[in-house]
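If you look up Swiss-Prot, you'll see 473-502 marked as region 'Disordered'. Swiss-Prot lists 483-498 with the feature compositional bias 'Acidic residues'. Among the features that Swiss-Prot reports, domain 'SF3 helicase' is placed at 658-840. The feature ATP binding site is assigned by Swiss-Prot to Gly702, Thr703, Gly704, Asn705, Asn706, Gly707, Lys708, Thr709, with sequence analysis given as support.
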Amino acid sequence: MANATIKYTTMDLYGILKSCKCSSDERLTHQSLSGGRFSVTGSKVGEFWRAVADRIESGEPIDISEARQKETPLTLDFDVVDKDCKEPVPDVLVNNIHAAVARWARSSLKPAPEDRDLCGVVLTKPVRQCAKGWKKGFHIQYPKLVLETGVAKNLVVGPALRPICSKVWEAVTGTAKDYLDPLSCTVPWLVYGASKPDEPFAWKIARTLDHAGKTIDFNTAFGDVETPPSWGRPTSDRHREAMVLSIHPAGRSVFFRRYDFTAANPGRVTRLADYSAVMAKLDVARQRKPAWNTDATKAHRLKRVTDLTAMLTADLADDRQTWLNVGFCLWQQTSGSAEGYKVWLSFSKKSDKCDEDECWTIWNNQMRPNSFTEGTLVYLAQKHNPGAYLNWLQVKSTPVNDIGTNVAMAKIMWDYYGHQFVCCGGKTQTWYRFDGLTWVESNQGTDLRSLISAEGGPLRRLLMRQLDAVTAAKARGGRDSGNEDDEEDSATDEDDSNPWDSELRRLDSEVLDTMVKRLRNNLKGIEMTGVKNNVLRECAELFYQPEFGDVIDSDPLLFAFANGIYDFREGCLRDGRPEDKLSRRAPVDFVMFGPIPKARHPDNSPVMRPKRMPGESVQDHARRLAECFEQDDVSASAGTMGKEDVESFSCNPNDFKGPVTKLLAFFASVFPDEGTRRFFLRNAAATFVGGNPDKVVLFWTGTGNNGKTVTQTLFEKMLGCFAVKMSTQTLTGRKPSAGSANPEMARLGGGVRWAVMEEPNSDETINAGTLKSMTGNDSFFARDLYCAGKTTFEIKPMFKLHVICNALPGIKDADQATWNRVRVVPFESTFVTPGTTAPADAKYVFPADTDITRKLDRLTAPLAWYLVYCWACIQNERVKYVPPPKVMEATMAYQKEHDLFRQFVEEMLRKDPDSTLTCDDAYTAFRDWTSANSPHGTVRRPKGQVVKCLEAILGKKTVDGWPGYAVGAEQQE
């Protein structure tokens, strides 16, 4: 019966093709390598794929190839022939070629592909001999990267990918080879499972690689791939693999994102090729480096995460956030494999709330690449089940030959503290220790050094255990005699608590004596300075993470309070994690004085685009896309929540209760005008979120006792080390020369959120270039004192800039881009102490609270909650905010007072319908006027710059100049 089914399948496949034959002038979709042209369309497509799948399952040969259409997935054919070596192409070479192609695609395709679109499938055949040598070619296919066939042929494979792949080949093998076929995306492509008539082997899937070149399950990589209904539903894994690996775009390409090639210059391709070669060399070096631990192997990593997860207690499984964090961590560490899911499910079953269907849905649909590391599991195990973790650590085997050495002791320290300490930096090593919330700098590793000799510490306990094991082996007489009784004793005595027993039995008594002596010396030595220093030096190599100093405090959406981390992505306060990489924390607790609305954040609201339906024309699909864009615009203005769910932003004390009411009463006295108060608090609401997206600097101005200093002190008390006071020279002085130390600018790194310049002198003017660079969100370099040039670090500004002054300072060489960043906040209140009177022009007068400084400490926690609350409300606003007139009027008055060109026009030009102001006359008059009147106008301005600035005020000039204007004061009537 089975044979009859196979026979029917064979006849069915070629019967389908026979009914789809086409002539030479018709468009073909498939062709037979033994002869025949076919056009398989309509309902025949589903029948064709079912027949192909049946032939693959039965092992019958197929000689059908697919013809290229207008669009094609990226396919790379490497024709490798080696005269001498019959070994297959190394996996490290293929993986690095794939990683290089992924880098190229990410930088050269528009729009940039996502990581999930860069999965590649490696197809191979067995190595076979031919007349020229050993054939061991391979294919790499990218089903989700769909390009125009002409673009792939003329701009991608030959000009870009061929030199990159050649460089990688040379880096791994030492010989540059151009094995990539330039016609890889042009010639017909064999259907999966098909082979040429003269070859017995078909191309088979060897492995699937993710964007980084790591092996991933095929269904995990392409589980989101959908095929047209006319193709039918796959009935087996082989059936689905053949459909996914089809290059046929008819009725299918619309289900994939298309990428238009952005031509890169040859220099860019060369740099990318060189970089890929360096990465390949490092990968080869890592694989060749001998290591006595097997942490890098997948099996060992799976065992480690399985053991660590088993130590987690049931209360952690009950906490949903921790339960999800463990799931994301396991998904990342196991690449979303089925084994990882089993580990997570086993942990989930510790809770009575476990729902296997929910676990399966989350694992397959919601899990995604993340920053969780094995350190998350280690930290949870150490914190919630320290005894089990130490017992597990004791069972971990140290090679017998390394017992008692400094390297072995350092490895023990790394096994236990590897996720709590980090060493980074160059010649001057910098150590960090994770204290459960943030990473705290440890002076020269002093904290780790003290743990080396700690009583009851892991190192001392494991050394004692190793000494007991070696002493026991020595007591048995050293090397085994080979007697059956000895073997029986060995089997009886050896257990998991002594992983070295079998190896120690094979050693001579002299070697055991040496090991005993070495272990006893180490137990004494760990209390001596020299041994501790040597172990710490070995630890520096194991704990070293060179990039740690560059990424610490770099996440703008994480902020550390004294009692936890507020995650603005998730909108919640949570425990600290090692992978947060935060080193600063505010001195105040985050107190939940009330509920905080869910913020509509870009990370939480992905936009879904409708797919093109089978049979739908391109024009109809384009119209539906236009409707989708209109709906997105409406939803963006209306928010993602219903009208009744959106909480409006309020700064009225009557809308709140308790300490928040006192806080807003304070701001109501400082800013009696509600518009100004709302503007100030809106800007302050983004304090905890890094960056300056609005690119503004606030100038706090007002004379007398008006609350500027008290307000600044309140924010300083709340932010602590996140707030920095700058010297006025930072903005008013000259830019430091290249390479010189600039400690003031260096202080602005490390996640600082609040930068203030107070009270510049009357003769100081702000440098417009420095002001724009500090508010433009562009990174800058700054060298601290006593730092070498190589250690100069790049600072990504996370702060908002504030200038506090009684009189607004001048801005040197300010253009319109400078004034667009300036906002003046008038402090109009006057606080009068007993026995004094307010000035005659005071607009708002309040009695001064002489005890306000002490009371500020009780306002810091309400301020922290209120700013987060305001930020969430602002994210959900539907109407674009417009600054109040009072702020804009003060800003325009400031601009008018310090805008040289407007002053020049008002003082030196007059309207005259019979005159025309020439460029030469205007430039001469402006030069003379600035020399006589401007305190900072001594810098000679080019004529073209003066003309351009005057055009912004007087309008576009004609060939002769500006008609209707003349030099001279306006005549009085």
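The chain as shown is numbered from 1 upward.
The backbone N, Cα and C atoms fix where each Cβ goes, and this holds for glycine too.
A map of Swiss-Prot features onto the structure.
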| residue | record | contacts (Cβ under 8 Å, 6+ apart) |
| --- | --- | --- |
| Gly702 | ATP binding site | Lys708, Asn806, Pro826, Phe827, Glu828 |
| Thr703 | ATP binding site | Asn806, Ala807 |
| Gly704 | ATP binding site | Thr830, Pro839, Ala842 |
| Asn705 | ATP binding site | Thr830, Phe831, Val832, Thr833, Ala848 |
| Asn706 | ATP binding site | Val670, Phe827, Glu828, Ser829, Thr830, Phe831 |
| Gly707 | ATP binding site | Ser669, Val670, Phe827, Ser829, Phe831 |
| Thr709 | ATP binding site | Ile804 |
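Packing around Lys708 (ATP binding site) is summarised by its Cβ count: 22 other Cβ atoms lie within 10 angstroms of its Cβ, all protein chains included. Other residues of the chain with a Cβ within 8 Å of the Cβ centroid of Gly702, Thr703, Gly704, Asn705, Asn706, Gly707, Lys708, Thr709, the ATP site, are Asn806, Phe827, Ser829, Thr830, Phe831.
Summarised as a single figure, the pLDDT of the domain 'SF3 helicase' (658-840) averages 85.
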